[in-house]
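Chemist: Please read through the structure below; I'll follow up with questions.
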Amino acid sequence: MALGVADYVVFGIMLIMSASIGVYYRFTGGKQKTTQEYMLGDKNQSIFPVAFSLMASFITAISMFGLSSEVYTRGTQFSVIIFSYMIATPVIGYLYLPVFFKLGNLSLYEYLEIRFGRLTRIITSLAFSIQMIMYMAIVLYVPALTLEAVTGLPQSASIVLVGVVCVFYSTMGGIKAVILTDLLQSLLMYASVIAVIGVALYETGGLSEILEISNKYGRINFGNFNIDPTVRHSWFSILIGGFFTQISLYAVNQTQIQRFLTMKDYKTAVTALWCSLPLVVVISLLTSLSGLAMFSKYYDCDPIKSGRISNGDQLMPLYVLDTMGSIPGLTGLFIAGIFSSAMSSVSPILNSMAAITMEDYIKPFKKQEISDKKRVYLMKILVLVYGGVCITLSFLAKYMGAVLQSALTIFGVIGGPVLAVFTLGILLPYINQKGALTGLIFGLTFSFIIGFGGPKPPVENLPSFTNSCTIFNNSDSTQLLSSYQE
């Protein structure tokens with residue numbers, strides 16, 4: 001399906017504005033010549049842009065496609081994860097954040113050297129680097145599939161276009177540009193999900209109709225209180241799992257801690273954290289509602305069961321094809337929102353990867369002190385290098401097949417043990433280097449066994465139907481299917 005002029009305009013404006021922000025910060029203020037400005041934004045960033053940036057860092061196309069598909073195929077049970085965000089926020093703000101803010105180190109992992117020695121610092125820093133490099137590649141690859149499906153533009157072109165713009169403004173404008181573009185891109189993410197819901201409200205006749213259809217077919221379900229850990233999603237598993245996941249992402253992750261350190265003081269940083277909470281909750285609720293919105297259209301002709309698409313992650317792109325193609329600009333808005341979710345995740349990771357490479361791998365092993373000017377120059381080179389690695393791995397991702405899921409599993413597998421070693425350091429002062437390092441190594445080993453071992457309990461979907469399906473011969477959706485199956 002070809003995009004209209006309005007769609008290209010919307011998508012192009014997003015890319016141009018993102019690049020322009022990088023140029024603006026390169027030639028204003030201190031012109032990105034000091035570490036204080038390039039990596040910490042002169043420690044004077046405003047609360048609301050930082051709050052949006054905190055929210056956007058880990059809300060990606062994977063999240064948007066995955067959560068809407070989860071609700072469509074298995075119901076709303078997973079949506080209770082928002083309560084775990086609420087429980088985790090005060091723990092992050094009042095237990096972990098004071099420690100790292102008081103130290104004020106650019107590298108989060110410098111704390112571990114102070115507490116448990118250099119080897120512990122290097123292992124955790126390397127673990128973070130590995131998971132983030134793989135995560136960046138997948139985050140950039142997934143929306144490239146969408147753009148190819150909707151427009152026919154090759155994945156390679158969209159990966160390069162969006163990847164280069166992302167690397168450009170991250171390199172030129174430093175963390176100031178990253179935070180402001182995150183704000184812009186967050187608004188586009190909200191707009192794209194709201195557009196999906198809005199079209200559904202118009203087609204079905206209102207929210208009550210969407211909820212009525214969804215409830216009739218069992219998609220509104222919040223009643224699983226099973227404490228069996230093998231049950232995939234229950235209040236028990238979601239609240240506990242979501243709680244620790246949220247802490248690992250916000251409290252002991254270089255990408256997020258670096259955001260907090262751009263604030264003038266601890267009190268302002270905690271305020272930004274609390275302001276990010278409703279932003280995360282709202283985007284989660286909207287994405288869940290978009291799953292119900294899509295179900296209200298396909299409840300009697302499931303596109304997975306009828307063979308139009310091969311898996312649930314393709315639902316949202318298919319819905320856009322079926323409902324928004326004739327409305328000027330809406331398809332472009334959707335594409336801009338999806339790629340915004342990728343760029344707002346990749347750019348801060350590039351920034352944080354450059355920071356820890358300098359602080360954890362280069363600076364400690366240099367006999368002579370590196371001048372601040374040279375440090376900034378090297379970190380800009382590192383952003384370019386990591387950007388190139390990200391784009392390259394995104395090209396290779398389509399050949400990985402099942403490895404994509406494995407890479408996402410690594411993201412979870414590494415986060416738990418890293419959170420554990422930081423928590424030991426903060427809460428248990430009598431734990432020494434030997435105990436922490438042993439626990440970290442065993443934790444990573446067992447997490448990998450659990451994450452990649454088997455067998456695992458089968459995942460069961462709610463019933464779906466094809467009662468009203470007609471003979472399918474739609475070239476656009478055929479293109480959608482083939483692009484995802486390549």
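Backbone N, Cα and C define each Cβ position, glycine as well.
I grabbed these lines from TrEMBL:
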- 6-25: transmembrane segment (TRANSMEM)
- 46-66: transmembrane segment (TRANSMEM)
- 78-101: transmembrane segment (TRANSMEM)
- 122-144: transmembrane segment (TRANSMEM)
- 156-175: transmembrane segment (TRANSMEM)
- 187-205: transmembrane segment (TRANSMEM)
- 234-252: transmembrane segment (TRANSMEM)
- 273-295: transmembrane segment (TRANSMEM)
- 333-356: transmembrane segment (TRANSMEM)
- 377-397: transmembrane segment (TRANSMEM)
- 403-428: transmembrane segment (TRANSMEM)
- 435-454: transmembrane segment (TRANSMEM)
Chemist: Look over the recorded stretches 156-175, 187-205, 435-454 and say which has the most C-beta pairs under 8 A to the transmembrane segment (377-397).
Modeler: 156-175
Chemist: Do the transmembrane segment (333-356) and the transmembrane segment (46-66) come together with 3 or more C-beta pairs under 8 Å, pairs six or more apart in sequence?
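Modeler: Yes, the transmembrane segment (333-356) and the transmembrane segment (46-66) are in contact.
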Chemist: Quickly jot the same-chain residues contacting the transmembrane segment (187-205) by Cβ under 8 Å, restricted to those at least six beyond its ends, or write none.
Modeler: 14, 56, 59, 64, 213, 282-283, 286-287, 289-290, 293-294, 296-297, 316, 319-320, 323-324, 327, 330, 333-334, 336-338, 340-341, 344
Chemist: The transmembrane segment (6-25) vs the transmembrane segment (122-144): three or more C-beta pairs under 8 Å (separation of 6 or more)?
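Modeler: Contact absent: fewer than 3 Cβ pairs fall under 8 Å.
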Chemist: Verify whether three or more Cβ pairs under 8 angstroms connect the transmembrane segment (156-175) with the transmembrane segment (122-144), leaving out any pair fewer than 6 apart in sequence.
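Modeler: Touching, yes - the transmembrane segment (122-144) and the transmembrane segment (156-175) meet the threshold of 3 or more Cβ pairs under 8 Å.
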Chemist: In terms of Cβ proximity under 8 Å, which residues at least six beyond the ends of the transmembrane segment (78-101) contact it?
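Modeler: Hits for the transmembrane segment (78-101): 67, 70-71, 108, 111, 222, 233, 235, 238-243, 245-247, 250-252, 257, 260-261, 266, 269-270, 273-274, 277, 280-281, 284-285, 288, 422, 426.
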Chemist: Give the nonlocal contacts of the transmembrane segment (46-66) in its own chain as ranges (CB under 8 Å, at least six residues past its ends).
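Modeler: Distal contacts: 138-139, 142-143, 146, 178-180, 182-183, 185-186, 189, 193, 249-250, 255-256, 259-260, 262-263, 268, 271-273, 275-276, 279-280, 283, 287, 312-317, 338-339, 341-342, 344-345, 348-349, 408.
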